[in-house]
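Student: Below are the features I grabbed from Swiss-Prot:
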type    : residues                                       : note
BINDING : C13, C16, C35, C38                             : Zn(2+) binding site
BINDING : P132, T133, G134, S135, G136, K137, T138, Y139 : ATP binding site
DOMAIN  : 1-54                                           : domain 'ClpX-type ZB'
Amino acid sequence: MARMQESADLLKCSFCGKSQKQVKKLIAGGGVYICDECIELCNEIIEEELGAAQAEADEEKEMRLPRPSEISAFLDKYVIGQDQAKRVLSVAVYNHYKRIKAEEAAGLEGRRKKAQDEEVEISKSNILMLGPTGSGKTYLAQTLARLLDVPFAIADATSLTEAGYVGEDVENILLKLLQAADFDVERAQHGIIYVDEVDKISRKSENPSITRDVSGEGVQQALLKILEGTVAAIPPQGGRKHPNQEFIQLDTTNILFIVAGAFAGLDKVISERVGKKGVGFGAKLETKDEKESVDFFSQVRPEDLVKFGLIPEFIGRLPVVATVDNLDRESLVKVLVEPKNSLVKQYQRLFSMDGAELHFEDEALEAIAELALERKTGARGLRAIMEELLVPIMYDLPDREDIASVHITQDCVTDGGEPEFVYSDEAKESA
């Protein structure tokens, strides 16, 4: 009995030397032993080293800011055309985050000293995007945020009203960004906010309003501070502010605002200024195609936007102007097939989950694009057309194991014809 006890005492941890009696568990393997305490210590060391390596990798990733050419190339994978807008956006976004990184690297004291010595302080450059509905404005902004891995929020300017009136306060825009950042204030302060339909908050006339314009000029005035940079008090639950409510303080200085709208009618304002509009018997009459071929938005000036209904202070806080063009039929066909996550690829993936292939004739794609042009919905309307076309097929497909592939023809799009089905070999043999 004494010998057995002695042999038990001989079993020791090969790392710390403690006997089997001194530890809770001793694990054997290949002539060596390790106790539970040493296992726990090893785990702590590994976790600490992995954590440090991960933190270093995260810091390196955070420091890596893509160049304008890389940003534009990334946008090319997802957005068709709009080359000029991509270049403007790429440079603006690059400069915005380059400014932030430089300031963070210098620190507050260094930044003050630099401002005193060099008298150069780089101001924030928010972006104004002009272009028709369905031309890719929102998608460009979303894709930028995805590349930069920053929080992104979309707000509709038409739902906003001046403080004290029924509707949303402008601070609710910031709440959406906080929610997108999981209420991480530091991360939210480097995010992107996209304000759509800003043309709908233009004031009713070019002259300053005597009466209150709570959904137009009033909203523009309310947006001024957060566009320029201020510490805003955000109610965590949204809604109106109450005196006894706790607020989250959010600095908007480094938030990039992309403000966009279709600006229907702005082309007329620009054409009057540039003298394209003739008067009298000698005036040249332009056809509809000729009018559309003139790219008026690229010639926009601040005075045109003032005449349209934006206040000068608002325009001054949006120094970068990017214009997007109407998509023609050829561009819409490319939108359907070329981007990394194009609609055709998405529906082909859905069909493959039910064991069938999906193919489109070139003529069918052109007919879909033509339909979007007729509806004046641009790229945004393509999905609705695809749904109308494919829902009846997708309804029956899960019950039809005999279908190997589906071919969409022009007749399917234009006249509601039946698609062409190719059946599996097993189905043919059984038939």
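Using the three backbone atoms N, Cα and C, a Cβ is placed for every residue, glycine included.
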Student: Quick check: in three-state DSSP terms, what is C35 (Zn(2+) binding site)?
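Tutor: C35 (Zn(2+) binding site) sits in a strand per DSSP.
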Student: Roughly how many angstrom lie between the C-alpha atoms of T138 (ATP binding site) and C35 (Zn(2+) binding site)?
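Tutor: Rounded to the nearest whole number, the Cα-Cα distance is 59 Å.
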Student: Looking at Cβ-Cβ distances, which residues of the chain lie under 8 angstroms from G136 (ATP binding site) while being 6 or more apart from it?
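Tutor: Non-local contacts for G136 (ATP binding site): V79, I80, G81, Q82, V324, L327, G378, A379.
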Student: With a 10 Å radius around each C-beta, find which of these binding-site residues (C16, C35) has the fewest other C-beta atoms nearby.
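Tutor: Sparsest of the binding-site residues C16, C35 by Cβ contacts within 10 Å: C16.
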Student: Taking only same-chain residues 6+ apart in sequence, whose CB is under 8 Å from that of C13 (Zn(2+) binding site), what do you get?
Tutor: S19, V23, L26, Y33, I34, C35, E37, C38
Student: At the level of the C-alpha atoms, what whole-angstrom distance separates K137 (ATP binding site) and C16 (Zn(2+) binding site)?
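Tutor: Cα-Cα, rounded: 64 Å.
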Student: Would you mind reading off the Cα separation of C16 (Zn(2+) binding site) from S135 (ATP binding site), to the nearest angstrom?
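Tutor: Counting only the Cα atoms, the answer is 69 Å.
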Student: Which one, from the binding-site residues P132, G134, has the smallest tally of other C-beta atoms lying within 10 Å of its C-beta?
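Tutor: Comparing Cβ neighbour counts within 10 Å for the binding-site residues P132, G134 gives P132.
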